[in-house]
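Accompanying notes for the structure given below.
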Amino acid sequence: MASIDSVLQEHRVFPPSAETIARAAISGMAAYEALCKEAETDYAGYWARLAREHLLWKKPFTQSLDESNAPFYKWFEDGTLNVSFNCLDRNLENGNADKVALIFEADDGKVTRTTYRELHSLVCKFANGLKSRGIKKGDRVIIYMPMSVEGVAAMQACARIGATHSVVFGGFSAKSVQERVVDAGATAVITADEQCRGGKNIALKAVVDEAIAMGGCEAIHSVVVYKRTGNAIGMSAGRDVWLHDLLEGQSATCEPEWVGAEHPLFLLYTSGSTGKPKGVQHSSAGYLLHAILTNKWTFDLKPEDVYWCTADIGWVTGHTYIAYGPLACGATQIVFEGVPTYPDAGRFWRVIQDQKVSVFYTAPTAIRSLIKAAETTATAHPRNYDLTSLRLLGTVGEPINPEAWMWYYEQIGGSRCPVMDTFWQTETGGHVITPLPGVTPLVPGSCTLPFPGIAAAVVDESGHDVEWGKGGFLVIKRPWPSMIRTIWGDPERYRNSYFPGDLGGKLYLAGDGAVRDAKTGYFTIMGRIDDVLNVSGHRMGTMEIESALVSCTELVAEAAVVGRPDDLTGEAICAFVVLKGPRPTGDAAKAIVKKLQDWVAKEIGPIAKPKDIRFGDNLPKTRSGKIMRRLLRSLAKGEEITQDVSTLENPAILEQLKQSV
Ligand code: WT7
């Protein structure tokens, strides 16, 4: 693993500047250690203190952590609150009413500002509108929306009435929408006519119609449609309603639905080791607590900041670091509809310059592609822009290679801004291993140390700690407030995936390999240890893609999917396919590759398209019929096969599979 080697040889260290330490919420290593100590001495008490200090409760809780039904942990259970109240009403009461909450930057560059008062009123009308359609506490609502003020408001409106939302990324297919509607047992969908990305209009409502027509969605009684582009779409009388009509005449106040701390705020589907995406269920209080704490401690959000997280609300990052955390902290933030390369690859830098962004949070894949753009197109180089408003940078989603880290630090941050390499997952709700700006000396390529109170460790296959310097499984040893509560409808899968018996059944298994630096104990993430790929920071299950390929029954007999390293996207999807007909070559093979890529895009979404597809008469299998994936991984990388192939039934197949189309 080249990137791991380079991190292990990484000697560059960037201690926090005096200025950063002075302004930070947590200042200095001693303050960090004191928090860790507090958590260690009185774990439940530590989190209870923070939950009292940072959340507004309707009814205070009396018990912090309930472990009686482990691993189904409960936090602050007898307390009641409302997440939307904590994000919005809080800011009307503390002097932020006329502060800009959202700066919406549309794909075409048009900018709209929404104050906390305006957002509160929109969310209340939205919530009242949803209630008028009979949507109530506990109902599941699918949100399939573009990046927009209305998208954020839809999430907040659900939270306000206690409906559990499940946001589906706008790039996912009709099939993916339908599967999520069915699995979640949703009764309503909030969508838009179309979305605008990179100068193109892309259908959303038509995809929802197609999803519902696939069947199993009979429970959907309402489809709320935000008019984004105004192009013609079909509206089904009785079921479909325009958002502007729904809001018309609604009261601008809405008494929040006070819910228990454990009430499911949202489900978010993510990929695992099997073909079926899992609905990760999050709580209300514990989740929001960590969203607030990490925004305050990792990003050191202050009233004067202009904050920008470039994620989409379809991913967990867009939940914790757009729709909930920053609002609860009273921040002014950018909501960006477009793509980094439109109208040119200077877009991010221009937005930072024009909106005077001070805290910027993006993904390594975006950084890598913008490095490439800056090298090839002079006008896309960040040096053309005034980026002096920046004071802190963040990255998330995949390991960042030290070279990209250094470019980000120097070219974007002007060697002034600390880079927070935040490790976390859909399941963790918020950052779990991350530097803190006023505390942690930074080392490029390392996510450094656990967030105070998070018991992260690296263990071997029997669950014992490994020595620093040795690789192993990344685990979290104690439950924490923002952790996944269960997999919707499948508690056994929750237990088996995250608390496997091999490790003793008590440790949360993240699914990543990690190593701690022998001297500092800093964590470096080595990537997934399961059948999950990370393509441009998007999590894709190899089994999901295999299922999609073999569902093309007209062409495909068998398929195996593996990842291979890719300079731009981190990992690339590589599929080995056995067709029903003869193995194609030349243009015929190219045509089938294109057909299968389009097929997968239609089944899952364009992000799941295999980059490479290779054809064979068979796949490398053991005598018992098991596909030897490690050989496929070597083939995908273009490596010579040096591994033992003595158990291989059909060694001749390797020669065939070496040939790419
Ligand atoms: C997986 C989780 C958390 C929001 C975005 C992704 C990888 C995430 C880092 C990081 C190295 C990282 C891991 C993890 N990952 N952040 N800073 N360094 N790897 O959420 O889709 O649930 O994916 O992303 O492999 O398990 P997700």
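Glycine is treated like the rest: Cβ placed from N, Cα and C.
Database features, via TrEMBL:
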- 32-87: domain 'Acetyl-coenzyme A synthetase N-terminal' (DOMAIN)
- 95-480: domain 'AMP-dependent synthetase/ligase' (DOMAIN)
- R197, G198, G199, K200, T317, S536: CoA binding site (BINDING)
- G397, E398, P399, D421, T422, F423, W424, Q425, T426, D512, R528, R539: ATP binding site (BINDING)
- 544-626: domain 'AMP-binding enzyme C-terminal' (DOMAIN)
- V550, V556: Mg(2+) binding site (BINDING)
- K626: N6-acetyllysine (MOD_RES)
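Feature annotations (TrEMBL) mapped to structure.
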| residue | record | contacts (Cβ under 8 Å, 6+ apart) |
| --- | --- | --- |
| R197 | CoA binding site | D107, P146, E337, G338, V339, Y342 |
| G198 | CoA binding site | D107, G338, V339, T341, Y342 |
| T317 | CoA binding site | C309, A311, Y361, V396, G397 |
| W424 | ATP binding site | V396, G430, H431, V432, I433, T434 |
| T426 | ATP binding site | L268, T270, V280, W315, V316, I484, R539 |
| R528 | ATP binding site | G511, D512, G513, N534 |
| V550 | Mg(2+) binding site | V556, A557, E558, A559 |
| K626 | N6-acetyllysine | none |
V556 (Mg(2+) binding site): secondary structure state under DSSP, collapsed to three categories: strand
Among G397, P399, T426, R528, V550, please name the binding-site residues whose Cβ is nearer than 6 Å to ligand 1. G397, P399, T426, R528
Please report the three-state DSSP label of T426 (ATP binding site). helix
Pick the one among the binding-site residues T422, S536 whose Cβ has the fewest other Cβ atoms within 10 Å in this structure. S536
Residue pair S536 (CoA binding site), P399 (ATP binding site) - Cα distance, angstrom, rounded: 11
Other CB atoms within 10 A, centred on P399 (ATP binding site): 25
Tally of residues which DSSP labels helix, strand or coil - the domain 'AMP-binding enzyme C-terminal' (544-626): 28 helix, 27 strand, 28 coil
Determine the Cβ neighbour count for G199 (CoA binding site): the number of other Cβ atoms within 10 Å of its Cβ. 11
For the domain 'AMP-binding enzyme C-terminal' (544-626), what's the model's average pLDDT? 94
Measure from the CA atom of T422 (ATP binding site) to the CA atom of K200 (CoA binding site) and give the result in Å, rounded to a whole number. 32
Inter-residue Cα distance where the pair is T422 (ATP binding site) and G199 (CoA binding site), in Å: 31
In the domain 'Acetyl-coenzyme A synthetase N-terminal' (32-87), how many residues does DSSP call helix, how many strand, and how many coil? 27 helix, 7 strand, 22 coil
The number of other Cβ atoms within 10 Å of the Cβ of K200 (CoA binding site), counted over all protein chains shown, is 11
G397, E398, P399, D421, T422, F423, W424, Q425, T426, D512, R528, R539 bind ATP per the record; greatest CA separation between any two, in Å, is 18
